[in-house]
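Peer 1: The structure's right below; bear with me while I get my questions together.
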Amino acid sequence: LRVVKFRRTGESSRSEEDAISGEHEVQIEGVRTELEAIELEDGAAVPKEFANPTDDTFMVEDAVEAIGFGKFQWKLSVITGLAWANAMEMMILSILAPQLHCEWRLPSWQVALLTSVVFVGMMSSSTLWGNISDQYGRKTGLKISVLWTLYYGILSGFAPVYSWILVLRGLVGFGIGGVPQSVTLYAEFLPMKARAKCILLIEVFWAIGTVFEVLLAVLVMPTLGWRWLLILSALPLLLFAVLCFWLPESARYDVLSGNQDKAIATLKRIATENGAPMPLGKLVVSRQEDRGKMRDLFTPHFRWTTLLLWFIWFSNAFSYYGLVLLTTEFFQAGDVCSISSRRKEVKAKCSLTCEYLTEEDYTDLLWTTLSEFPGVLVTLWIIDRIGRKKTMALSFFVFSFCSLLLFLCVGRNVLTVLLFIARAFISGGFQAAYVYTPEVYPTATRALGLGTCSGMARVGALITPFIAQVMLESSVYLTLAVYSGCCLLAAVASCFLPIETKGRGLQESSHREWGQEMVGRGSHSPGVTRSNSGSQE
């Protein structure tokens, strides 16, 4: 078996070890051969029939692109999706609150606190889980957070009194704060062309989780009650906990932490499962000890990106959860114009007035949840056509426009259509942010960047009830203006993001200029530098 190495005229592509030993040998399937050097004229293309057009070294990005999308990524999609189905733990809040309000005769503020404490837990833990994932590995952070959520989620079903369930749901929220790290792990195994589509498609598991929770509630609540609903809602996380031992650690993280052998073993495993060859040569190591440091998010290259992304994530959650709360108010009032008079009537009632969820309520919950699927499809269609930044900007703009149209005294049917479109696009904008954020940050701070953004989203989710419920009592138009204005600013912020990640490889080291990594397999843009040594920095 003959393996040929190409060298440009007048250039040396030997690694430092090769230069010392003077030997060029590779081992392929037990056959040891000499590597014959053939010089190519400057600018001449490397013949396609040869396996390794990247000289004698390759990076993880090269390997991921060369191996491509296959059986391994399909398995990873399903397992990651099970973690992402933790939407059931979020959707259960809208079902659990009225039930406990009636059963335990809770006042309204205690019912609202049950929802808020989950977001407080998520907000306080998101950055911590990101730091753990950057310091100790993506798999480690994800596995601990899922097991944490599973344990306290099941324990919530046995809460004897209100104070217990309040603490336990807060601990569930603390665990949920780490689940977005599944996107970090998932993105680092995806080739460039499939990355956006795949991340968007696992977002479908979020929508499936919410739909499944409503259907589960319809079956369980009338017979077994809310305790069994809490226990059964943990099933996807239980399944993930069993299957997560199959998950490998991210090869990008292993390279950055200096575990070259482990990274190569992971890449070989993926290549074997996908039935694809490994690139020839030596894996480039770019070890970086200071991983997961907050200061790296505010270097000159990422300062504006971080600040703008924080506002974008805040606006996404602020508007998304605000719309969920407003939808119930608008539907119960019939239209926007009659909501003020209805709020006065409700205010006159006793705060302990008890209303269980009816079958019609569950049906309405189901229909509003289904709007997430069109949002995924629209985002999936446009994100690789117009880019990540424009997709987020368009989503915010459409939401803002629909919010302004609600100023009109529209009927129930038009109201439903506007709310459906608004929710579809704001959920699509959320999904686009989940694609963009892991792509824009380097491996050393990718998990921390996503974690801090997720934390800012929870701040938005915490604030939005004061707008969608408290401010709504004073002025429905002022409430709509706040949401519309916030999303309009977020659309502008999306346009001002300094980096467009469409068609770009993931950056490995935070010590390098953004964009120095490979731009697609076998293509190099002007100004892109490739290292030919066995180490970087």
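Sequential numbering from 1, following the chain as shown.
Any Cβ shown, glycine's included, is placed from N, Cα and C.
Unlike curated entries, TrEMBL annotations are predicted automatically.
Pulled the feature table from TrEMBL, pasting it below:
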DOMAIN    75-502  domain 'Major facilitator superfamily (MFS) profile'
TRANSMEM  76-97  transmembrane segment
TRANSMEM  109-132  transmembrane segment
TRANSMEM  144-165  transmembrane segment
TRANSMEM  199-220  transmembrane segment
TRANSMEM  226-247  transmembrane segment
TRANSMEM  301-321  transmembrane segment
TRANSMEM  391-408  transmembrane segment
TRANSMEM  414-436  transmembrane segment
TRANSMEM  448-468  transmembrane segment
TRANSMEM  480-499  transmembrane segment
REGION    508-537  region 'Disordered'
COMPBIAS  526-537  compositional bias 'Polar residues'
Peer 1: Which bits of the chain, at least 6 residues beyond where the transmembrane segment (480-499) starts or stops, bring a Cβ under 8 A of a Cβ in it?
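Peer 2: Distal contacts: 304-305, 308-309, 311-312, 315-316, 318-319, 322-323, 336, 389-390, 392-394, 396-397, 399-401, 403-404, 406-407, 426, 429, 436, 440, 467, 471, 514-515.
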Peer 1: Going along the chain, which residues at least six beyond the ends of the transmembrane segment (76-97) come within the CB cut-off of under 8 Å?
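Peer 2: Residues packing against the transmembrane segment (76-97) from afar: 111-112, 114-115, 118, 142, 146, 149, 153, 172, 176, 179, 182-183, 185-186, 189, 198, 201-210, 212-214, 216-217, 221, 226, 229-230, 233-234, 236-237, 239-240, 243-244, 246-247, 324, 357, 365, 369.
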Peer 1: Ranking 144-165, 226-247, 391-408 by Cβ pairs under 8 Å to the transmembrane segment (414-436), which is first?
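Peer 2: Between the stretches 144-165, 226-247, 391-408, 391-408 has the largest tally.
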Peer 1: Take every residue in the domain 'Major facilitator superfamily (MFS) profile' (75-502), average their pLDDT values, and give the whole-number result.
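Peer 2: Taking every residue in the domain 'Major facilitator superfamily (MFS) profile' (75-502) and averaging pLDDT yields 81.
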